[in-house]
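Quick look at what TrEMBL lists:
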type     : residues                                      : note
SIGNAL   : 1-17                                          : signal peptide
BINDING  : ASP82, ASP356, HIS360, ASP397, HIS398, HIS468 : Zn(2+) binding site
BINDING  : ASP82, ASP189, SER191, GLU351                 : Mg(2+) binding site
ACT_SITE : SER126                                        : active site, phosphoserine intermediate
Amino acid sequence: MFATVLLLTFCGISAIARPEAAFDEDHLHPELNVERTGSVRAVTEELSATFWNGNAQNTILKKLTKKPIEDVAKNVIMFLGDGMSIPTLAATRVYYGGEEAELAFEKLPYTALSKTYCVDSQTADSACSATAYLAGVKNNIGMIGVTASVKKNDCDAMLLEENMVESIAKWSQDVGKRTGIVTTSTVTDASPAGAYAKIANRDWQTDAAVEASGANATKCRDVTYQLVNWAPGKHFNVILGGGTRNFLNNDTVDKFGSLGKRTDGLDLINQWIADRTAEGRTAEYVWNRTSLLGLSEDTDYVLGLFSSSYMPYNLERNIYTVPSLEEMTETAIKIARKGNGALNGYFLFIEGGRIDHGHHAAWAKKAFDETVEFSKAVQRALDMTSEEDTLIVVTSDHAHTMSVAGYPDRGNPILGAAGTDDNGKTRLTINYANGPAPVDSSHDYGIDNRDDDNYRFPSVSYLSSETHGSDDVGIFARGPWAHLFTGVLEENTIPHIMAYASCVGDGLTACSSTIRNVASLALPLLTFVLFIYI
Ligand SMILES: *[C@@H]1O[C@H](CO)[C@@H](O)[C@H](O)[C@H]1NC(C)=O
Ligand SMILES: *[C@@H]1O[C@H](CO)[C@@H](O)[C@H](O)[C@H]1NC(C)=O
Ligand SMILES: *[C@@H]1O[C@H](CO)[C@@H](O)[C@H](O)[C@H]1NC(C)=O
Ligand SMILES: [Zn+2]
C-alpha cells in the first residue's frame with residue numbers, strides 16, 4: 001500500500017498521500033535542477049545548431065523524393081512483435097544503440113497507430129488481436145478466427161459457417177500465392193493461429209485441452225489438428241517455430257526429450273509429412289538449425305519445430321542448434337519466393353513471439369533483447385525484397401504496462417537508475433504498473449544487479465504475471481500502398497489494406513478499382529465508337 005502511495009506521488013496525485021503543501025505547482029520539475037554529472041554521453045556534433053538543422057533538412061529532402069507506390073503488391077510480409085508497446089521501442093533503442101538509434105522498421109516511410117481493443121475487452125489478448133489483424137474482424141478475447149457471436153468454449157457456435165472468418169493467408173492461397181507462418185513462440189499459439197485456426201478457446205491446442213474443458217474433441221478440433229488437416233493451414237509452404245508437444249501423443253517422446261500432450265494417439269508431425277508427400281511435393285521436417293539452413297530452396301513445404309514448447313529466448317539460445325528469428329525469416333522468404341511463389345507471389349506472417357513473455361515476467365532485458373532480434377529479422381526481409389513489389393507491414397498486437405521515465409542522463413543505461421525518490425532511495429527508469437515483483441519501499445534498488453537477464457523490474461501492484469496494456473501500438477510500412485497506413489486505424493483495417501495492395505480477398509483491391517476505372521471508361525468509349533460507326 002505504501003508503495004502504491006509513493007508511486008502515485010510521482011504522478012503528481014500527491015493530495016491522496018500527502019498534505020497539499022508537499023506539491024509545489026510552480027516547480028513541477030524539481031529534478032531538472034539536479035547538476036548533470038560527468039556521465040552524460042557526449043555527442044560532440046550535437047552541440048551545434050548546424051547538426052540538428054542539417055538532419056531535419058535531410059529528412060525533408062528524403063521525404064520529397066519518396067513517391068507513393070501504386071502498383072500491385074506481389075508479396076506481403078507481415079511482421080508482428082507480440083506485446084511490442086511503444087515504450088518498448090524507446091527503451092530498446094537505448095538498450096542496443098543509444099537514444100538516437102533506429103530499429104529497422106523505424107526507418108520505414110509510413111506509420112500509423114493501431115487501436116487494439118476487442119469486442120468484449122478494453123485490452124486485447126493475442127487471440128482476438130490476431131483475428132483483427134489477420135482476418136479483418138474484431139471478436140472476443142481469447143478466441144481465434146470466429147466472430148464475436150461465439151462465446152468462450154462454445155463448440156457448436158464455433159462450427160457454424162456464418163461464425164467463421166478466414167484470414168489473409170487463405171485469401172492469398174485462393175489466388176495461388178504461397179503462404180507461411182514463422183514464430184519464436186509455438187506455431188499453434190494465438191498469434192500464428194490467427195492465420196489458420198477457428199477456435200472458441202485459444203488454449204485448445206490439443207485434443208486433451210479440448211476434452212479438459214468438457215467439449216468433444218472429435219467434433220471440436222484443436223488448433224494443431226486444424227493446422228495439419230484443414231485449409232489454409234495444411235497448404236502452408238512454411239511453418240517454423242516451436243511446440244512439438246502439441247503434435248504428439250502423450251506416450252511419444254519428441255526430439256528434445258519431452259512427452260507429447262495429445263491423447264488421441266495421433267502423430268501430427270508424421271501425418272503432415274505423409275499428407276504433403278502424398279500430394280507429390282517435397283516436404284521437409286526439420287528440428288535443428290543445421291537442417292534448416294541446409295534446406296534446398298526448391299523445397300515445396302517445410303515444417304520446422306525447434307523446441308518442445310516456445311523457442312528459447314535469444315539470450316538463452318544455443319546459437320549452433322537453434323535458429324534465430326532472422327535465420328528463420330531468411331529461409332521462409334527463400335522458400336516462399338520459389339516456384340509458384342515466383343509467379344503469383346507470397347504471403348508470410350512472421351512473429352517475434354517472446355517480447356510479450358519477457359514483459360509478463362517483468363524481465364525487461366529479455367523483452368528488449370527479443371525486440372532487437374525482431375528488428376534484425378525485419379532488416380533481413382527489407383534487404384531480401386524490393387519495395388517495388390513487396391509490401392512489408394510491421395506492427396504489434398497489444399501494449400504492456402511498462403513505462404520508461406525519470407530524467408536520467410543522456411546515455412544512461414536503460415536498465416539503470418533514474419535518480420532517487422523523495423525518500424532518498426534509488427528509482428529505476430523501467431517500471432511496470434503490475435507484475436511479479438511489487439515495489440518494496442524499504443529496498444534500495446541501487447544495489448540490485450539489474451543487468452541479470454532474469455532481473456524482474458518493480459511494479460505498482462502485485463500480479464504473478466504482468467498484464468497487457470490498452471494503449472495503441474505502432475504500424476510501420478514500406479512498399480506498394482504502404483501510404484494507406486497513416487492516421488489512427490482500427491486494428492482490423494490492417495489485413496484489408498494488405499489485401500487491397502495485393503489484390504486478394506472479397507473487399508476493395510487495387511486491381512478491382514483499376515478494373516472499375518477501365519469499366520467506367522469502356523462505356524463512353526464504346527458509345528463513341530458506335531456513334532462514329534453509325
Ligand atoms: C463427439 O463428436 C463425434 C463427432 O461429431 C461423435 O461421433 C461422437 O458421438 C461425440 N461423442 C460424444 C461423447 O458425444
Ligand atoms: C496419457 O493420456 C491418457 C488418457 O488421458 C492417460 O490415461 C495417461 O495417464 C496419460 N499418460 C501420461 C504419461 O500422462
Ligand atoms: C539435426 O537434424 C538432423 C536430421 O534432420 C540430424 O541428422 C542431425 O544430427 C541434427 N543435428 C544436431 C546437432 O542435432
Ligand atoms: Zn501476453
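Note that Cβ sites are derived from N, Cα and C of the backbone, with glycine treated the same way.
A TrEMBL annotation is a machine prediction, not a hand-curated record.
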Practice prompt. Give the helix, strand or coil assignment DSSP yields for GLU351 (Mg(2+) binding site).
Written response: strand
Worksheet item: Got a sec? Which of ASP82, ASP189, SER191, GLU351, ASP356, ASP397, the binding-site residues, have CB under 6 Å of any ligand 4 atom?
Response: ASP356
Worksheet item: When the Cα-Cα distance from GLU351 (Mg(2+) binding site) is computed for each of the recorded positions SER126, HIS360, HIS468, which gives the smallest value?
Response: SER126
Fill in: Residue with minimal Cβ packing [other Cβ atoms within 10 Å] among the binding-site residues HIS360, HIS398, HIS468
HIS360
Worksheet, complete the sentence: For ASP82 (Zn(2+) binding site), the same-chain residues 6+ apart in sequence with C-beta under 8 angstroms from its C-beta are SER126, SER185, SER191, GLU351, GLY352, GLY353, ARG354, ILE355, ASP356, SER396, ASP397
Worksheet item: Tell me, how many other CB atoms lie within 10 A of the CB of ASP397 (Zn(2+) binding site), whichever protein chain they belong to?
Response: 28
Worksheet item: Sorted by position, what residues of the same chain at least six away from ASP189 (Mg(2+) binding site) have a C-beta under 8 A from it?
Response: SER126, THR183, ARG202, GLN205, GLY243, TYR310, GLY353
Worksheet item: From the centroid of the CB atoms of ASP82, ASP356, HIS360, ASP397, HIS398, HIS468, the recorded Zn(2+) site, which same-chain residues not already listed sit within 8 A by their CB, in sequence order?
Response: GLY83, ALA124, ASP125, SER126, SER129, ILE355, HIS359, SER396, ALA399, HIS400
Discussion item. What's the number of neighbouring CB atoms sitting within 10 A of the CB on the residue listed as 'active site, phosphoserine intermediate'?
Written reply: 27
